[in-house]
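Trainee: Mind having a look at this structure? Questions to follow.
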């Protein structure tokens, strides 16, 4: 192969680095830098660089270089051996001269280099004449791979009206060829579809805006980008990617009303908050950019207001005040729609608002009466007599002032007893005196009804304040427990008192305290007014004796500052306590309690001791009784009453079935008695039974009868087990009628005549035939 063809097809450089095992770390640095054949010597090896192209294939092995030892005398005595990656499959060596050939096509993208080892041995001795050397063969690239857009298809978003040159997105293609050699992996981007709105940078793949675009005109564009390798030269590979570019909205459009004039109507009886109508302004933008607020600009009456429905972007006109057909029948308002979020970049396009006119007609209706006030405040002094005027409410018919209305009170049964109203003029009076201390305020509802249409009713609230009158005297706020020691000294304070008053005072309560003049204990105690609605109780002498007087009752006078002032007498009980100077409240209460019972301490101890003795005696009796109840009665005879119960579920074949079960298996040897043949008891039963009729149950004859029956039952194997109950009837003695039992009859059926049955008619014919005296023995 000549050098010109080799240079044209060369894509990859195969490099051979001689490297001993001890020098493996430095082999990557031994790189061929030129294409000139240069002979190098290293550790006795002679080698020269060579070139081979990726994807190169020939029907004959392609020579790529020669490996030669400086000990080779070309007499064929040395043998060259090649081992490692690809040896024998991709690469072979001429064992006589060391020339290396490639025998298969190489692909750099699959394996960029191969590591091989070369060795020279003596054919005679089979010993190595050169140490084994390692070589790295690096494959040079050719342009055999197309570019690829791994992240496609692309989707990008850019705000509408963006200026020219605004970056939209970037697309990137990859090429599997070697980017470090040649132009095989050098890509060039171009725009196939998308002009004149977009452009692309050839080297980076950045897509940019080429002009301003309006989303309201078109909101999506499809752009196709092409990537070519070999810098776009002829014969290069290429690939395309699709980019979907969406224009996002900006607020570049103002709202616009669909109508320049709206007509609406509302009834005069519509309540506040009623929806009168709706207006709507369109905005070509979307989302927050289309959000708007509605305002009312011209409405001097301030009767209407408008709110914005954020979901539908409608303006809802509401009734702010009640309208009156008789006062004003038409209203006109101006409504403005203003964008909520304004982009200052587009203010040059004009104001982002619009206005419209709304005309509203008031419809006439039969209205209920109207009170002059919604809430009436009235006052009355407490204690005023029933029938006193509290106040007057007034209502009129707005449709016709000449039509009268009827008044009434809506209240509970309790309020009905306190107030009444004149149904013609609305005068409210009391029905009984009011007490401010019970209730200081009363509120109720009055109604005004149209006389010609009772369904038209209006309500108003009435609040009545009951004014205070000084009709309650001050008093102690609580019951004071006051104690004084027997050794108390004169002038010692033993109690601090205060007062309360249920009445109100405009200037605030002020109480005056004093001791009643008729008090017989005035020499023992005194009262000092502190001028702050409290007073102190002081001793008037030194030393008190419980034996002389245990309680002192002090009448305290308390006066308020009302008009007129009221005074009350409150009794303060002072108890003399057995103490020195300081009062022990618990001990003093105990002493007062004992004194009220009339008992001394010794007597109380004696009473408690008696109670304790009685309790001990009572508990002892209960304990003895419980122990007696625990002892079981008849303990020595318990075994005699013990029985065994045997359960079995066999009905047998009746009274004559003696083969159904062996009843003797239920009996034990201890219970079995000597079997005696059963007597023919017919005659015995008759005689004993008739004798029993003549005697009582306590007679010897009766006991003998029972005893014999018991023995027969015990000895009879056909009767039920021994734990059974045998029942015998005893009709008593002295009966004139005798026994009705057939056992006591001395006559048999043969001795009786049933001939009379034939006279009873055809229904008894068969019975008469069975018992007739003319029947034969065979019958």
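From the backbone N, Cα and C atoms, a Cβ is placed for every residue, glycine too.
A TrEMBL annotation is a machine prediction, not a hand-curated record.
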Trainee: When you get a sec, could you say which of 537-558, 559-580, 581-602, 603-624 is annotated transmembrane segment by TrEMBL?
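Mentor: Feature transmembrane segment in TrEMBL: residues 603-624.
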Trainee: By DSSP, what is the split of the domain 'Cadherin' (476-586) into helix, strand and coil residues?
Mentor: 2 helix, 46 strand, 63 coil
Trainee: What are the DSSP helix/strand/coil residue counts across the domain 'Cadherin' (69-149)?
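Mentor: DSSP composition of the domain 'Cadherin' (69-149): 0 helix, 38 strand, 43 coil.
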Trainee: Taking every residue in the domain 'Cadherin' (69-149), what is their average pLDDT?
Mentor: 82
